[in-house]
Every structure is written in C-alpha cells, then in structure tokens.
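**Q** Straight from TrEMBL, here's the annotation block:
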| type | residues | note |
| --- | --- | --- |
| REGION | 1-27 | region 'Disordered' |
| COMPBIAS | 7-27 | compositional bias 'Basic and acidic residues' |
| BINDING | 45-50, 145-146, 170-176, 195-199, 264-267, ALA320 | GTP binding site |
| BINDING | SER49, THR176 | Mg(2+) binding site |
Amino acid sequence: MGNICGPKDKDKNESKKSNNIDQKIREDQLEEENKAKLLLLGAGESGKSTIVKQMKIIHQQGFQDEERKKYVQTIQSNTLFCMTNLIKAMDKLGIDFENSSNKDFAIEVVQSDNLLECHEKVKTLWGDSGIQEAFSRRNEFQLYDSAAFYFDNIERITDENFVPNDQDILMTRVRTTGIIETLFEYEGINFTLVDVGGQRNERKKWIHCFQGVTAVIFCVSLSEYDQNLFEDSAKNRMTEAIMLFEEICNSRWFADTSIILFLNKTDLFRKKIKTINLNICFKDYDGGCDFDNASEYIKDKFLLLNRNPEKEIYPHFTCATDTDNIKFVFSAVKDIILQRNIKDIGMI
C-alpha cells in the first residue's frame, strides 16, 4: 500500500518540525541570555571574598544564626593573630612598651592560642603607646585591615553569647583556597560568581575558570600602595596588582569579555592618603595627599594598561565592607551585562 500522505502533508510536517526547532533555539537562547558567569580575580587581600559575602547578604537570605556562629572562632583567631603580629613587629622595629609590665602580658598573648584566655591582656596591650606606634607602621609588616575593628570590639567578640553581625563577618579574613561558586538571581538574571584564591600559589587554578565567562571583575586594593605581598615581602602589592591586571586585561581568553575594575578599599585609602603620599609607589605622581587626585591617578594607571582600543574597561570605586555601596555598584554591573547580552544578539 502506498504512502497516504501527500506532498502538502509532508511539507506541513517538515514546517512543524522546523518551527519546533526554531522555538527550542529561541528558548535556549533566552535561557543563555538570562545567565551570567562572573569571574572574580585580583591579588590576595584585594577584597574579593568580601564581595562574595556581600552577594550572600544582598541577593540570598544572608547569614543564618548557625552560619554566624561558625564565624566566632575565626573572628577570635583573627584578633589574636593581629595582636601577636603587632607584638612581634615591636621587637623587629625596636619599639618599647610604654608600661614595662606589659612585656609579661605580651609573652602570654604570643604563647596563647585562645583569645578568651587572654582578651583582657589584649585589651590592655592595645592601649599601650608602643603597640600604637607599631600599628602606625603596619605597612612595614603583615597585619589584617580589620585589626583596629577587632581590638575596639574586644569585649563584644569575647562575650560568651557573641553572635557575629554582618559587619563582623565582612571584616573576617579567611584565605581563599581553591574555587568557590556562589549562585544567586538578580532582576531576572541567574548569576554564578566564581571566586578563586588571589595569592601566587593559587593563580595556577585560574585557567580552569576561564571558559564561558560573561564578565571579569578584577579587584584592586587602593590602600596597599605602601605595602608588600604576604607571600613575597620584597614585592609591592600595587605593583603586583598592575602586573596582574595587564595580563588579564590583554589575555586572549578575555578578548571579547567585559572587564569590570573594582578599585576597592576606598575607606582605608581615604584615611591613608592624608599622611602617606602616593609617590612612595609612583614616582611621577604629583597630586599631593588628595584623595580625588590620587584615586583618579590610580584609575588611569590601570585603564592605560588596556592595549585594545576596541575594548572598554568599566571602573568603579568600591568599599567592599559597605553594603549600600556594593548594592549600587552591582546594579551598574548588571546593566553592563544586559547591554552586552543585547549587543551579542545584534539588537544594538
């Protein structure tokens, strides 16, 4: 028996199949347009992990009580680490204690591994002018940015009922190792934020994250122009960031990828620039101890590293510990991504 379907029926079936395929392609395309993979890069201590925490606070449900309690030990360890480093720095810098009896306190603190056992001594030491002098020279050794915050809140963070608030968690320093992905939805876009460790021995892992990236967010610490690397005490942190950004910005991997530059830690930079001139790092800088002059100089320094005249770099001044600032900046990041998606499908 012959085929009962005539040519017209066959054409209808083929047309229906074609329409279904086109519909599936449009649906897949729409789904892809609503996805964005953001890769967080930058040297160690630039504030990348703080940005990740902010995304959890702003775009997820924030930190639940059980999660907050897990930060207690880290916060207390950070505090003890900071005081121990200050004490050791005093010895290296030849600084004496104002009160000689504080030497005994210092020995006990250095030998302790539990802040709860020595927090009163830490509080007393923080008030010693010798410790304060060492703190004023903290660019000469390694100290967390949050040290003063910890010491000023020592009573609260050692209370037996202490539950860290958002600011406590944002101030906490935990070195990032490996690759950490954070998923969240914002105004119809499903974001995957990828954070990888910024210290030198972690950077070999970066290459594994380079495929399918919508945008790179590169973090730079403005305030570290007079500090050296944790992993290389002879290398200036700002110089390292410049070298790293030039490499990323001009990489073949990111030839068609949006690069968003976060010039971070504006709060610390605003304080530091008043007393430490930027020309300690950049000999040709002549803008004096002025925040606007210095921050614009650094911004231009980074933008000039881009060797592709067709490629636009999107700079933003940020304070990663300021939730309102990060909300505002991330809204701009979302607009950049939407504009890029529209451009990619040929609508502009």
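Here the Cβ of each residue, glycine as well, is placed from N, Cα and C on the backbone.
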**Q** Tell me which of the binding-site residues GLU45, LEU170, VAL196 ends up closest to THR176 (Mg(2+) binding site) in space, Cα to Cα.
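**A** Going through GLU45, LEU170, VAL196 one by one, the Cα closest to that of THR176 (Mg(2+) binding site) is VAL196.
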**Q** Under 8 Å Cβ-Cβ from ALA320 (GTP binding site), six or more apart in the same chain: what's there?
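**A** Set apart from ALA320 (GTP binding site) by at least 6 residues yet with Cβ under 8 Å, we have GLY47, THR50, ILE51, GLN54, LEU170, CYS219, PHE262, ASN264, LYS265, ILE326.
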**Q** Go through SER49, THR176, ASN264, the listed binding-site residues, and name the one with the sparsest Cβ surroundings, counting other Cβ atoms within 10 Å.
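**A** Checked SER49, THR176, ASN264; of these binding-site residues, fewest Cβ neighbours within 10 Å: THR176.
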**Q** Secondary structure at SER49 (GTP binding site) (DSSP, helix/strand/coil)?
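**A** DSSP assigns SER49 (GTP binding site) to helix.
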**Q** What does DSSP say about THR176 (Mg(2+) binding site): helix, strand or coil?
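**A** In three-state terms, THR176 (Mg(2+) binding site) counts as coil.
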**Q** Near GLU45 (GTP binding site), how many other Cβ atoms are within 10 Å of its Cβ?
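**A** GLU45 (GTP binding site): 24 neighbouring Cβ atoms within 10 Å.
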**Q** Under a three-state reduction of DSSP output, how is ALA320 (GTP binding site) classified: helix, strand, or coil?
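**A** In the DSSP reduction, ALA320 (GTP binding site) maps to coil.
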**Q** In the structure shown, with every protein chain counted, which of the binding-site residues LEU170, VAL174 has the densest set of Cβ atoms within 10 angstroms of its Cβ?
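**A** Neighbour-count leader: LEU170.
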**Q** Let me check the 10 A CB neighbour count of VAL196 (GTP binding site). How many other CB atoms are there?
**A** 23
